[in-house]
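Features as listed in TrEMBL:
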type	residues	note
DOMAIN	75-502	domain 'Major facilitator superfamily (MFS) profile'
TRANSMEM	76-97	transmembrane segment
TRANSMEM	109-132	transmembrane segment
TRANSMEM	144-165	transmembrane segment
TRANSMEM	199-220	transmembrane segment
TRANSMEM	226-247	transmembrane segment
TRANSMEM	301-321	transmembrane segment
TRANSMEM	391-408	transmembrane segment
TRANSMEM	414-436	transmembrane segment
TRANSMEM	448-468	transmembrane segment
TRANSMEM	480-499	transmembrane segment
REGION	508-537	region 'Disordered'
COMPBIAS	526-537	compositional bias 'Polar residues'
Amino acid sequence: LRVVKFRRTGESSRSDEDVISGEHEIQIEGVRTELEPIELEDGAAVPKEFANPTDDTFMVEDAVEAIGFGKFQWKLSVITGLAWANAMEMMILSILAPQLHCEWRLPSWQVALLTSVVFVGMMSSSTLWGNISDQYGRKTGLKISVLWTLYYGILSGFAPVYSWILVLRGLVGFGIGGVPQSVTLYAEFLPMKARAKCILLIEVFWAIGTVFEVLLAVLVMPTLGWRWLLILSALPLLLFAALCFWLPESARYDVLSGNQEKAMATLKRIATDNGAPMPLGKLIISRQEDRGKMRDLFTPHFRWTTLLLWFIWFSNAFSYYGLVLLTTEFFQAGDVCSISSRRKEVKAKCSLTCEYLTEEDYTDLLWTTLSEFPGVLVTLWIIDRIGRKKTMALSFFVFSLCSLLLFLCVGRNVLTVLLFIARAFISGGFQAAYVYTPEVYPTATRALGLGTCSGMARVGALITPFIAQVMLESSVYLTLVVYSGCCLLAAVASCFLPIETKGRGLQESSHREWGQEMVGRGSHSPGVTRSNSGSQE
């Protein structure tokens with residue numbers, strides 16, 4: 001009989017002697033060998049052929065770590081990425097607004113309202129979609145929100161008058177509020193080592209969506225017009241709707257809702273796709289009926305985390321969308337110093353004066369949009385090295401610095417470079433927040449936590465037009481100070497987050513404290529404290 005010795009890293013029933021020694025022996029029946037006992041070093045992963053050998057029970061976290069990353073996760077990445085490409089529906093705002101301003105002779109306040117109503121829809125629905133995903137499943141919430149966005153996105157292209165498109169774009173925003181739940185579903189199928197990198201790479205679909213939207217606008221707007229642009233922008237969501245039948249429900253959600261058989265079937269499906277063995281023993285069910293409750297976000301363990309994350313997400317969206325709006329304003333003015341005088345001249349001519357986006361504007365818009373790709377790469381390189389909190393803090397700090405450098409009367413080329421760097425880092429900070437938030441909350445409130453954070457982000461996006469467009473008319477420097485100061489505060493807030501999730505597994509139940517189940521089953525990063533208490537580090 002083969003005897004395997006290793007140091008335990010997870011929870012299971014064991015004797016006091018086992019706890020003291022930190023070791024356990026088990027005999028694997030049916031295997032004949034004369035090999036000596038094997039002892040794995042502290043922190044080393046258990047070989048797949050002996051996945052979780054000392055326990056007669058295992059958790060979903062054990063199964064996900066044992067099965068690892070493979071073919072299943074690759075397919076899931078592409079499908080959820082198509083939902084995440086809804087960035088096209090957001091990027092279209094900066095292209096559609098000036099077009100309708102000219103074509104329908106809309107006053108400035110109606111143009112601004114067309115942008116704001118989308119964010120109002122997102123803000124009002126984000127928490128609702130999170131609650132639906134926690135109560136009825138991640139797959140259910142994601143499918144409904146995507147189909148909703150697809151339906152009203154296509155209908156927007158047939159809007160006969162301003163009031164119709166205003167209502168329809170608001171309904172599109174309501175649907176987009178649920179699309180971030182794709183990150184919740186995706187994160188719950190990823191092993192710890194791959195989680196940060198994969199969530200960041202799935203964000204590439206957002207960048208691809210924004211770039212594709214600009215290219216699509218260059219081709220479609222001069223010939224077919226804005227109606228066809230709205231219809232064609234829904235193509236990624238249409239493709240997702242066709243493929244969503246393949247999406248499985250999260251095994252973590254099934255376990256928490258008491259559906260053990262369905263969870264086991266999903267895990268076996270993943271193991272088969274990846275060609276990896278299932279853990280030995282029986283899957284642990286930790287049923288929790290009161291899922292998706294707001295009060296769980298404000299328990300002593302998560303109160304400060306929730307409040308700080310709300311401000312961080314607010315600052316991310318406030319700065320990101322503010323920069324998108326400022327980019328168009330700066331490019332049309334030529335440089336920062338002449339923007340105030342230019343806007344006063346335009347205002348003196350006529351309140352209905354409009355300017356179509358030129359080919360040069362589209363080109364510069366494309367270059368600043370491409371900055372999101374190096375933003376992903378930089379975040380990808382540092383997030384597992386310095387941790388989630390420091391990554392967000394660094395991103396906010398660099399954005400704040402670039403905003404202050406815009407005080408200088410720089411030419412168009414230097415202006416483009418500064419906007420490129422600023423957008424790269426603020427998008428990187430947004431991506432780091434999308435990694436951190438699903439990791440810090442337990443399965444019972446993960447979707448709700450992400451939903452409420454997304455809702456706070458939409459508050460920031462809703463307010464930012466009044467700074468980037470209205471305040472800009474009074475003082476460009478005051479506008480830049482507001483954005484710079486907000487991001488400096490967000491950098492400080494990132495440093496004060498109580499929990500660093502680097503090197504930790506996903507917590508299952510909100511009734512459990514931060515303990516051993518939160519420590520990764522694989523290799524551990526230096527400096528990661530294994531806490532058996534409920535305190536936040």
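Glycine residues also receive a Cβ, built from the backbone N, Cα and C atoms like all the rest.
Over the domain 'Major facilitator superfamily (MFS) profile' (75-502) the predicted model carries a mean pLDDT of 81. Between the transmembrane segment (226-247) and the listed ranges 76-97, 109-132, 391-408, 448-468, the one holding the most Cβ pairs under 8 Å is 76-97. Panel annotation: around the transmembrane segment (301-321), residues 392, 396, 399, 423, 426-427, 429-430, 433, 436-437, 440-441, 449, 452-454, 456-461, 463-464, 467-468, 483, 486-487, 489-490, 493-494, 496-499, 513-514, 534, 536 of the same chain, lying at least six beyond its termini, place a Cβ under 8 Å from a Cβ of the stretch. In this chain, the transmembrane segment (391-408) lies out of contact with the transmembrane segment (448-468); the count of Cβ pairs under 8 Å, excluding pairs fewer than 6 apart in sequence, is fewer than 3. Sequence-remote contacts of a segment are chain residues at least 6 beyond its ends whose Cβ falls under 8 Å from one of its Cβ atoms, and for the transmembrane segment (414-436) they are 180, 183, 195-196, 199-200, 203, 207, 309, 312-313, 316-317, 319-320, 323-324, 326-327, 330, 335-336, 364, 367-369, 371-372, 374-376, 378-379, 383, 388-389, 391-392, 394-396, 398-399, 402-403, 405-406, 453, 487, 490, 497, 501. Residues 77, 80-82, 84-88, 90-92, 95, 182-183, 186-187, 190, 228-229, 232-233, 236, 359, 362, 365-366, 369-370, 372-373, 375-376, 379-380, 383, 427, 430-432, 434-435, 438 of the same chain, all 6+ positions outside the transmembrane segment (199-220), place their C-beta atoms under 8 angstroms from a C-beta of that stretch.
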